[in-house]
Amino acid sequence: MLTTETDIAEGIQDKYFLKFGTATRETVRVFRSPGRINLIGEHTDYNNGFVLPASVDKAVYFVIAPREDDQVILYAADLDQTYAFSLDDLSKPEKSWPHYQIGIVEQIQKKGLKIGGFQAAFGGNVPVGAGLSSSAALECCLLFALNEIYGLNLDRFSIVKMSQKSENEYVGVQCGIMDQFASAFGKEESVIRLDCRSLEYEYFPFPMDDYLIVLCDTMVKHSLASSEYNTRRQECEKGTAILQQYDANVLSLRDATPALVEEHQDEMGDVVYRRCKFITEEIQRVQDACDLLVQGNLPDFGKKMYDTHFGLQDEYEVSCPELDFLVAQTLDDDSVLGARMMGGGFGGCTINLVKKEGVDAFEAKMKQAYLEKYQIDLPCYRVKITDGTEEVALA
Ligand code: GLA
């Protein structure tokens, strides 16, 4: 862990002891689960395609100890709020932050596994609603922690799948598997190419000697995000059903090609056609981008990132004016190799691949442009790629 991360974890541990006292000093443990970035491969996960995410040095931490009874007491250290429930009552509270944790307990019970009560303080530095998947980090962190504390014998794949199910079933967002996978399987200085159908994955070293990854946070948290996300899924399913009539092997857009989509453009209608065109091209783009990475050709890798952005903007239509503005600002900047919106869309961050020597000037320019246009002070995060979910040893 980096020094700043240790500081954050220690801060949450201090708050745990303030809240719960020191009686559990012997049994308390600390766990960390990071937020994620995604270099390329957007909205491809729920189409059974490929993604290229990595976990970063912005993480969620749980300081947690088992209890003798069946009570769960959660303390959101950053919000200074507490929520308590009993293991036999998993009803949904109005307050939304406990949904992520209760959903995990529900998944454990649905699997027929047994845990006792627990008390935890949690928090961290993953910006919420910025497209870094703080929710997946929360889910993976708690499940990983309970797995260790109560010896549930779950492997990382099960942790990922149960965390995703918890988000689908309890939180109610029909997300794919990328975020949870990246949080749990991240590896220092590497990106992960994940085949979202087979869950086969491969690490690729990501060279950060000459380049930095900078996230620019629009600060837009769009209310459309989850409803439009679910609509996109349905549009992809419609396209798949049409293509299946012509080729029975097309079970998802992963099995289709841009050429097949082109052939059936008229039947699909304009909207479904554009969605399917983007997804089939994007799945291919991840593969091509990985080849470029292996060749060390980051300039062409960056161009692919731009292609992804324009596809998300014009064909998949999940961007927003603020994201488009930030990407447009980079087009004539020689220090930027690639830029695009990242994650589900409708707000959140752009991801920028920037030459190290140009990064100060880049951030200054972006901040000034955003301030002039939107009167918003643009947060820029320089992220490092770190390991995925783990237990943390604190002094
Ligand atoms: C969100 C979802 C992911 C993925 C991305 C888009 O982050 O949680 O499963 O679909 O959007 O690539």
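Cβ atoms are placed via backbone N, Cα and C, with glycine included.
Residues or ranges marked as domain 'Galactokinase N-terminal' by TrEMBL: 19-66. As annotated by TrEMBL, site 'Transition state stabilizer' applies to Arg36. Among the features that TrEMBL reports, substrate binding site is placed at Glu42, His43, Thr44, Asp45, Tyr229. What TrEMBL records for 103-187 is domain 'GHMP kinase N-terminal'. Residues or ranges marked as ATP binding site in TrEMBL: Gly129, Ala130, Gly131, Leu132, Ser133, Ser134, Ser135. Here TrEMBL flags Ser135, Glu167 as Mg(2+) binding site. The annotation active site, proton acceptor is assigned in TrEMBL to Asp179. If you look up TrEMBL, you'll see 292-370 marked as domain 'GHMP kinase C-terminal'.
On the structure: features taken from TrEMBL.
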{"residue": "His43", "record": "substrate binding site", "DSSP (3 states)": "coil"}
{"residue": "Gly129", "record": "ATP binding site", "DSSP (3 states)": "coil"}
{"residue": "Ser134", "record": "ATP binding site", "DSSP (3 states)": "helix"}
{"residue": "Glu167", "record": "Mg(2+) binding site", "DSSP (3 states)": "helix"}
{"residue": "Tyr229", "record": "substrate binding site", "DSSP (3 states)": "helix"}
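Residues Glu42, His43, Thr44, Asp45, Tyr229, recorded as contacting substrate, have a largest CA-CA distance of 12 Å. Long-range Cβ neighbours of His43 (substrate binding site) (same chain, at least 6 residues apart, Cβ-Cβ under 8 Å): Arg232, Phe278, Ile279, Glu282, Leu312, Tyr316, Val318, Gly344.
Shown are the binding-site residues Gly129, Gly131; of these, the residue with the fewest other Cβ atoms within 10 Å is Gly129.
Taking the centre of the Cβ atoms of Gly129, Ala130, Gly131, Leu132, Ser133, Ser134, Ser135 as the ATP site, the nearby residues of that chain (Cβ within 8 Å, site residues left out) are Gly35, Val126, Pro127, Val128, Gly343, Gly348. Among the recorded positions Thr44, Glu167, Asp179, the ones whose Cα sits within 10 Å of the Cα of Ser133 (ATP binding site) are Asp179.
Closest in space to Thr44 (substrate binding site), of the recorded positions given as Ala130, Gly131, Ser135, Asp179, is Asp179, taking the CA atom of each residue.
Under 6 Å, Cβ to nearest atom of ligand 1: this is the test, and of the recorded positions Glu42, His43, Asp45, Ser134, Asp179 it is passed by Glu42, His43, Asp45, Asp179.
In the set Glu42, Asp45, Glu167, none of the binding-site residues has a C-alpha within 10 Å of the C-alpha of Leu132 (ATP binding site). Excluding Glu42, His43, Thr44, Asp45, Tyr229, which define the substrate site, the same chain contributes Gly41, Tyr46, Asn47, Val51, Gly176, Met178, Arg232, Ile279, Gly344 within 8 Å (Cβ to the Cβ centroid), listed in sequence order.
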